[in-house]
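Undergrad: Copying in the features that Swiss-Prot gives for the protein in this structure:
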- 15, 16, 17, 18, 19, 20, 21, 22, 88, 89, 90, 91: ATP binding site (BINDING)
- 89: active site, proton acceptor (ACT_SITE)
- 145, 148, 183, 186: Zn(2+) binding site (BINDING)
């Protein structure tokens with residue numbers, strides 16, 4: 001990261017599932033705590049895989065979080081003494097999340113968001129591409145392909161061990177029972193043109 005002379009900016013952490021997005025978000029939050037900065041973490045209510053009131057990485061790291069149903073609910077919890085606002089699983093938030101993040105950064109907060117940049121079909125996911133475009137810093141993480149060991153930038157959804165079809169619902173909250181990291185070449189979506 002570069003030294004910022006002004007307060008208020010946006011950082012995006014993105015990548016496939018199992019690439020370490022939540023782990024990196026937690027790492028950054030812990031660093032702010034060592035610096036005696038005030039941080040608050042948000043997560044969408046829909047994300048209840050490991051905990052309803054924590055952001056939890058796949059390897060078990062966790063940090064307390066405020067679950068919210070709508071993007072604009074974040075404003076109800078932010079106070080002036082906050083320095084850092086973090087939002088995990090940002091792809092699950094409604095379309096207002098881009099405006100919310102912009103407003104917070106413009107008010108002088110360091111805003112860190114983490115989420116999937118592609119859905120299980122390999123297409124841009126939710127508002128993450130817009131957030132990447134307006135961010136001062138973007139960190140794109142990769143996992144390791146569960147099939148061949150190459151860098152994995154895609155998320156493979158599995159249903160009964162088989163790749164999910166292109167027209168299956170976009171949102172299905174799950175972990176290793178439903179998803180695997182895959183590279184471009186091992187990623188499969190039946191009925192999708194290659």
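Backbone N, Cα and C atoms are what each Cβ position is placed from, and that goes for glycine too.
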Undergrad: Of the recorded positions listed here (17, 88, 89), which is spatially closest to residue 145 (Zn(2+) binding site) when Cα positions are compared?
TA: 17
Undergrad: Out of the binding-site residues 148, 183, 186, give me the one sitting nearest to residue 88 (ATP binding site) by CA distance.
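TA: Out of the listed candidates, the nearest Cα belongs to 183.
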Undergrad: List only the single closest residue to residue 21 (ATP binding site), chosen from the recorded positions 89, 148, 183 by CA-CA distance.
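TA: So, spelling it out, the nearest of the recorded positions is 89.
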Undergrad: Give me the Cα-Cα distance between residue 148 (Zn(2+) binding site) and residue 19 (ATP binding site), rounded to a whole Å.
TA: 16
Undergrad: List the residues in the vicinity of the Zn(2+) site, defined as same-chain residues other than 145, 148, 183, 186 with C-beta within 8 angstroms of the site's C-beta centre.
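TA: Once 145, 148, 183, 186 are set aside, the remaining close residues are 146, 147, 149, 150, 152, 182, 184, 185, 187.
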Undergrad: Could you check the binding-site residues 183, 186 and say which one's CB has the fewest neighbouring CB atoms inside 10 Å?
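TA: It is 186 that, of the binding-site residues 183, 186, has the fewest other Cβ atoms within 10 Å.
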Undergrad: Give the sequence-ordered list of residues that share a chain with residue 15 (ATP binding site), lie 6 or more positions from it, and have CB atoms under 8 Å from its CB.
TA: 21, 116, 117, 140, 141, 142, 143, 153
Undergrad: Within 10 Å of each Cβ, count the other Cβ atoms and name the one among the recorded positions 88, 89 with the highest count.
TA: 88
Undergrad: Return the residue, from the listed binding-site residues 17, 90, 145, 148, with the maximum count of other C-beta atoms within 10 angstroms of its C-beta.
TA: 90
Undergrad: Using C-alpha atoms only, work out the spacing between residue 17 (ATP binding site) and residue 183 (Zn(2+) binding site) and round it to an integer in Å.
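TA: So the Cα of residue 183 (Zn(2+) binding site) lies 12 Å away from that of residue 17 (ATP binding site).
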Undergrad: Taking the Cβ of residue 19 (ATP binding site) as reference, which residues of that chain separated by at least 6 in sequence fall under 8 Å from it?
TA: 141, 142, 143, 152, 181
Undergrad: I need the CA-to-CA distance for residue 90 (ATP binding site) versus residue 186 (Zn(2+) binding site), whole Å please.
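TA: Each residue's Cα considered, residue 90 (ATP binding site) and residue 186 (Zn(2+) binding site) end up 26 Å apart.
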Undergrad: Hey, what's the widest CA-to-CA gap across 15, 16, 17, 18, 19, 20, 21, 22, 88, 89, 90, 91, the ATP contacts in the record, in Å?
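TA: Binding-site diameter by Cα atoms for ATP: 16 Å.
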